[in-house]
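Lifted from TrEMBL, the feature list:
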| type | residues | note |
| --- | --- | --- |
| SIGNAL | 1-17 | signal peptide |
| DOMAIN | 2-206 | domain 'DUF7702' |
| TRANSMEM | 33-59 | transmembrane segment |
| TRANSMEM | 71-94 | transmembrane segment |
| TRANSMEM | 114-133 | transmembrane segment |
| TRANSMEM | 145-165 | transmembrane segment |
| TRANSMEM | 185-205 | transmembrane segment |
Amino acid sequence: MAWIILLVFTIIRIACGVVVIIYENNQNNDGLLAASTILLNAGVFPLIAATIGLIRIITALDFQNSPGVRYGLILSRIFFIGGIFVIVAGASIVGDTDHPKKVSTGSDLVKSGYIILAIFVATLLGFQAYFWFKRAGLTQTSVTVLRGISTAMPFCLVRLTYLFLSIFRPSEPRWNELLGDTAPYVVMGLLMEYAVVCIYIFTGFQIPPSKKTREELLAV
């Protein structure tokens, strides 16, 4: 599953590069402008999905009999899927540049979707805090995964901060990844994404094969 998410991240980055190149050769196309902006920020979603996957490993190993954790994970997924749905719906409306009211509505939907996404990220932070509180009772594998998530989370937060600035302050050149300054996007955007990818890959190699039994995992 983790490799599938990494593959999705790679595909998004390749598609983003293609669309941006096409836009640079046709800058009068507002639809390409909207698509380029969305794809430049879309790399965040596979990283968040990978975080959910790692949290699931911890819950499967140590919290199978905890209804609160299970329902909390379900609720967080609802926020994640709902946020993506609202963002996609808003983005599809923003592309209709012939109707200014629709563009405004679409922009509001996109912002609402990212607010929902922020709530979801807050639930992820809540999970991490709870797991650290219960650290003494976790398996070694869960502790390894938790360390990986916690190491990656500051990079995720910086990336999300840039995303929100680019969405809510698009008129400021510093936060416009397509038409503004390149340096903030490279430092707060791309480097943060690649740092998270590297951390999660390293963490993945520290996790024992899934065929091992729970008793074997406890002995690690």
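Keep in mind that glycine also has a Cβ here, set from the backbone N, Cα and C atoms.
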Folded-back contacts onto the transmembrane segment (145-165), same chain, C-beta under 8 angstroms, at least six residues removed: 41, 44, 47-48, 51, 54-55, 57-58, 114, 117-118, 121, 124-125, 128, 131-132, 135, 138, 172, 175, 177, 184-185, 188-189, 192-193, 195-196, 199-200, 202-203, 206-207
Per-region confidence, the domain 'DUF7702' (2-206) (mean pLDDT, whole number): 82
